[in-house]
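Listed in TrEMBL:
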type: DOMAIN; residues: 29-303; note: domain 'Deacetylase sirtuin-type'
type: BINDING; residues: 54-73, 136-139, 245-247, 271-273, Cys289; note: NAD(+) binding site
type: BINDING; residues: Tyr98, Arg101; note: substrate binding site
type: ACT_SITE; residues: His154; note: active site, proton acceptor
type: BINDING; residues: Cys162, Cys165, Cys203, Cys208; note: Zn(2+) binding site
Amino acid sequence: MIVRQFTCRAIINPHLHAHLRKPWGCRDMARPSSDLAAFREIFSRAKKIAIITGAGVSAESGVPTFRGAGGYWRKWQAQELAAPEAFSRNPSRVWEFYHYRREVMLTKIPNPAHLAIAECEDRLSKQGRQVTVITQNIDELHRRAGSKNILEIHGSLFRTRCMSCGHEAANYNSPICAALEGKGAPDPDTHDAQIPVQQLPRCEQTSCHGLLRPAVVWFGETLDSDILTNAEKVLDSCDLCLVVGTSSVVYPAAMFAPQVAARGVPVAEFNMEDTPATMRFKFHFHGPCGTTLPAALARHDTEQNIE
Ligand SMILES: [Zn+2]
């Protein structure tokens with residue numbers, strides 16, 4: 001139940017991070033294995049597979065994150081706009097930012113990593129086996145690739161929540177409202193559109209008309225407790241865990257992988273970063289996950305052909 005205490009901001013707090021690493025980080029100094037055949041052997045027997053995905057999977061589809069060096073929208077990085085304070089101060093600017101990100105997604109497609117995960121879920125479900133994706137990504141590329149069992153712990157760019165009545169809804173309109181059409185340009189010299197709040201996306205529930213916000217988890221906000229409860233159930237019952245496009249020591253996997261590893265369940269990382277030698281995970285596959293994952297999740301010789 002440990003994850004309930006975390007807010008989005010707290011998870012990236014280095015002190016908490018260190019605390020999380022302590023109980024399980026130092027047990028085994030061996031480097032994780034990169035033996036694909038050994039992974040495939042375990043994969044072939046796994047009945048419940050949890051796949052934790054992070055920004056690296058989206059990055060391979062060219063989705064901008066607006067974080068890190070060069071990651072700016074106008075003069076700001078995501079953490080300056082993806083915050084409740086920013087939205088109450090300047091809802092027009094924050095909506096321009098999200099409108100831009102929604103529109104960008106119309107030009108992006110799932111990459112081989114998304115597709116391999118979706119294909120694996122579909123194939124294994126016919127064998128009575130389960131694959132669940134737990135993702136921090138808000139771009140819905142897993143959904144578009146065909147994954148069905150998805151826990152979006154940070155919400156979605158394509159959902160809205162009413163600030164007045166709390167109603168949440170899927171929203172794929174492009175543009176999301178007339179006033180945002182053609183707005184949201186990312187260049188640093190673009191002026192704010194300063195759209196009047198009445199012309200920003202509004203709730204369509206009967207007689208509400210409240211201001212809508214993106215249904216994503218902003219910095220400083222608590223993760224949805226229902227989604228976390230479901231994630232915990234998946235992690236408590238999985239017999240194989242994959243960490244894809246993020247390191248096991250970096251949020252969100254850092255929040256989840258320890259409880260899986262503590263049960264003695266194999267954890268396999270697929271990412272571009274080396275894992276510190278002290279990390280106690282069974283496998284690490286280095287490289288773009290669009291390259292490593294399809295081979296790892298392909299049909300195993302022992303799988304029955306059920307169509
Ligand atoms: Zn409403």
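Glycine too: its Cβ is placed from the backbone N, Cα and C atoms.
What TrEMBL says about a protein is an automatic prediction, not a curated fact.
All features noted in TrEMBL, drawn onto the structure.
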residue: Ser58; record: NAD(+) binding site; Cβ neighbours (10 Å): 26
residue: Gly62; record: NAD(+) binding site; Cβ neighbours (10 Å): 11
residue: Phe66; record: NAD(+) binding site; Cβ neighbours (10 Å): 20
residue: Tyr98; record: substrate binding site; Cβ neighbours (10 Å): 23
residue: Arg101; record: substrate binding site; Cβ neighbours (10 Å): 23
residue: His154; record: active site, proton acceptor; Cβ neighbours (10 Å): 20
residue: Cys162; record: Zn(2+) binding site; Cβ neighbours (10 Å): 21
residue: Cys203; record: Zn(2+) binding site; Cβ neighbours (10 Å): 20
residue: Cys208; record: Zn(2+) binding site; Cβ neighbours (10 Å): 15
residue: Met272; record: NAD(+) binding site; Cβ neighbours (10 Å): 15
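Of all the binding-site residues given, namely Gly54, Gly70, Gly245, the one with the smallest number of surrounding CB atoms inside 10 A is Gly70.
In the set Tyr98, Arg101, His154, Cys162, Cys165, Cys208, none of the recorded positions has a C-alpha within 10 Å of the C-alpha of Gly70 (NAD(+) binding site). Taking the Cα atom of each, Ser58 (NAD(+) binding site) and Cys165 (Zn(2+) binding site) are about 32 angstrom apart. Filtering Gly54, Gly62, Gln136, Cys165 by Cβ distance to ligand 1 (under 6 A) retains the following binding-site residues: Cys165. By a simple count of nearby Cβ atoms, those within 10 Å, the most crowded of the binding-site residues Gln136, Cys165 is Gln136. In the three-state DSSP classification, Cys162 (Zn(2+) binding site) falls within a strand. The DSSP secondary structure for Tyr98 (substrate binding site) is helix. In space, His154 is the closest of the recorded positions Arg101, His154, Cys162, Cys165, Cys203 to Gly54 (NAD(+) binding site), judged by Cα positions.
If you take the Cα of Cys162 (Zn(2+) binding site) and the Cα of His154 (active site, proton acceptor), they are about 17 angstrom apart, rounded to a whole number. A Cβ within 8 Å of the Cβ centre of Cys162, Cys165, Cys203, Cys208, the residues given for Zn(2+), is found for these other residues of the same chain: Met163, Ser164, Gly166, His167, Glu204, Gln205, His209, Gly210, Leu212. According to its DSSP assignment, Cys203 (Zn(2+) binding site) is coil. Closest by Cα distance to Gly245 (NAD(+) binding site), from the binding-site residues Tyr98, Arg101, Cys203, Cys208, is Arg101. Cα spacing between Met272 (NAD(+) binding site) and the residue listed as 'active site, proton acceptor': 22 Å, rounded to the nearest whole number. Proximity to His154 (active site, proton acceptor), defined by a C-alpha to C-alpha distance within 10 angstroms, is shown by the following binding-site residues from Gly62, Phe66, Gln136, Cys165, Cys203: Gln136.
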